[in-house]
Every structure is written in structure tokens, then in C-alpha cells.
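Notes for the one structure printed next.
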């Protein structure tokens, strides 16, 4: 009997080799985006140096794909160097073989704190266009340079470090060490004798030994098998479904440039001249008070005779309470 080999092994090998070749081809492709950043209004802020104005700024590439339903997706980001230039890499999937972009991509400038900077020349000035191609490497760039104002797009904060002079030398006393004294001669003493404790006296009579207490072993136990009580079957466990949270979709903030309004001059209002009108009040009616009737006369009491006073004269009372 003859066993024929299967023909499926060769197809699997060819598929594996094709996958390796596609991965190597995709890794060899390199897509770079280069550009420069320009400062506007530098003469107004003379305290900021040009290398410090670019420190901390970042450039992000936002692309508008067809399957993203009109939303922008971040494809790459990079920092701006001291000369105002930047270069970063983006995925090669969004670039065709002829160098054309499959998606509409734009460059956005961000401050050192991650806030987006306003675009001065509009959105079309920051659009990514094809520049050159050498082999599998594509070089993309911008239509115009990105412009920003240091007043709106804030860079890193640098402290001004003045050159302080060195402190004066310290006037310290000379370093001296204490004198080492010679050791005294040893003093020999006789050893301390500790007296031994006396032993207890010996017992003269002989001890009387009694027979030991007998030890009875317990009887051999008889083991019986335990009564098996059948358990009721438990109900089947109900596994709760595990709901995974949805994948968050981060939307980049829409940059709305602020509208400039003309200055408003507030009108100056003056208080009008007050017009005082006289207020006429009715006269107060005074009701005369009726006279009170005359009080009756106080009856006359004869003076009380006291043979002798019990107390002396009282001191005079004050007139005020």
C-alpha cells in the first residue's frame, strides 16, 4: 500500500513567504513630513529670544479619512527645533505609489501646554502636499510655513538666571587635633573569691518503694461506615455577561479664530438737575386737655406720742437714686 503526500503544505509555505515579503516591503517604506515655523510680531516682544520662542512647540498631522465620517484623525506628531524646523514620520498607508495622498491631511501647531494655536493664513496654507520621492521614501511638505504669535501660542517658560559672584573665602581657624595622653600603668588586684553554697544534709533512712499503678489499655474500637446522605444537586450557575466599554473616539478640538470687534466708547451720562416740589402737610390739630377734678383734702391725724426714741437719727438720704 502506498501513501500519497498532501499538496496543501506547499500552498501554506507560499502564503507565508508572500506575507513576509509584504511586511518587509511595508517596513521599507518611509514617509516623512518636513516644514518650518515662522514667528509673527517679534518686534513687539523684544524680551523673548527666537530659540526660546520655538521651545516646547509641537506639530501634529491631522487627516480626514473617508471612513471617519468627517472627523480628523491624528496620524503623527513631532517637536519644533530651535531653528523653527520640524520633521516627522506618518504611516505609509495614506500615501499611494505615485506619491499622492489618499486622505486630506493638514498640519496643526500646538503650544507647550498642548493647546492648539490659531492658523493665520487659513486651513489651506497648512495642507500637506507631495514634494519628492527617492525609491520607497516619500517626502511631503506644506504649501506655506506655519505662522504663530508668541502672545497667543505660548512656549516654555525660562527663568532669567543672573550671574552671581562667588562667595568670599571663609576665615576658619587652623585645624588642630587633641593631644594623645599616655596610658597609665595597669593595677593588679587579687581575684574575688565567691564562697560556695553548702549542700543539703543526706537522708539517713531508706526510701519505701510501692508497686506502680497499673495502666489499662482502652478497648479496640469498632469502626462502622458512616451513613451516606445524598445531597441535593445545586442549580446551574448563571454567568453574568461581561460588557466591555466601547472604544473611545477622541475628536480634536475645532479651532475657531476669535473675531475682532471695534472698540466701544461708553457714553457719559450726566445727572439731570433735580426739580424739588414743595410738600404741603396739613396743620396739626391740638386737642385741649380737660382739667382734672380737684383732689380731696387729706384727713388730719393727731401726732403720735413716743416716750423715748428706740434709734438715733437716720443719716440723710441722697437726692439721686
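One is the number of the first residue shown, and numbering goes on along the chain from there.
Each residue, glycine too, has its Cβ placed from N, Cα and C.
Taken from Swiss-Prot, the feature region '24 X 5 AA approximate repeats' applies to 168-319.
Annotated repeat '2' per Swiss-Prot: 173-176, in sequence order. For the repeat '2' (173-176), DSSP puts the residue distribution at 0 helix, 0 strand, 4 coil.
Sequence-remote contacts of a segment are chain residues at least 6 beyond its ends whose Cβ falls under 8 Å from one of its Cβ atoms, and the repeat '7' (207-211) has none. What Swiss-Prot lists as repeat '7' is 207-211.
Among the features that Swiss-Prot reports, repeat '9' is placed at 218-223.
For the repeat '10' (225-229), no residue of the chain approaches it from at least six positions outside its boundaries, judged by C-beta separation under 8 angstroms. Summarising the annotation, Swiss-Prot assigns repeat '10' to 225-229.
As a summary of secondary structure, the repeat '11' (234-238) carries 0 helix, 0 strand, 5 coil according to DSSP. What Swiss-Prot records for 234-238 is repeat '11'.
Same-chain residues lying 6+ beyond the ends of the repeat '13' (245-251) with a Cβ under 8 Å from its Cβ atoms: 71-72. The feature repeat '13' is assigned by Swiss-Prot to 245-251.
Taking the repeat '16' (267-271) as a whole, pLDDT averages 81 in the prediction. Among the features that Swiss-Prot reports, repeat '16' is placed at 267-271.
For the repeat '17' (272-276), the DSSP-based tally of helix, strand and coil residues reads 0 helix, 0 strand, 5 coil. For 272-276, the entry in Swiss-Prot reads repeat '17'.
Feature annotation from Swiss-Prot assigns repeat '19' to 282-286. Listed by sequence, the residues of this chain that lie at least six past the ends of the repeat '19' (282-286) yet keep a Cβ under 8 A from its Cβ atoms amount to none.
Remark: secondary structure over the repeat '21' (293-297) totals 0 helix, 0 strand, 5 coil, with classes taken from DSSP. Sequence annotations record features per position, and here Swiss-Prot assigns repeat '21' to 293-297.
Here Swiss-Prot flags 298-302 as repeat '22'. Same-chain residues lying 6 or more positions outside the repeat '22' (298-302) and placing a CB less than 8 Å from one of its CB atoms do not occur.
The repeat '24' feature in Swiss-Prot is assigned to 315-319. Mapped onto DSSP classes, the repeat '24' (315-319) shows 0 helix, 0 strand, 5 coil.
What Swiss-Prot lists as signal peptide is 1-26.
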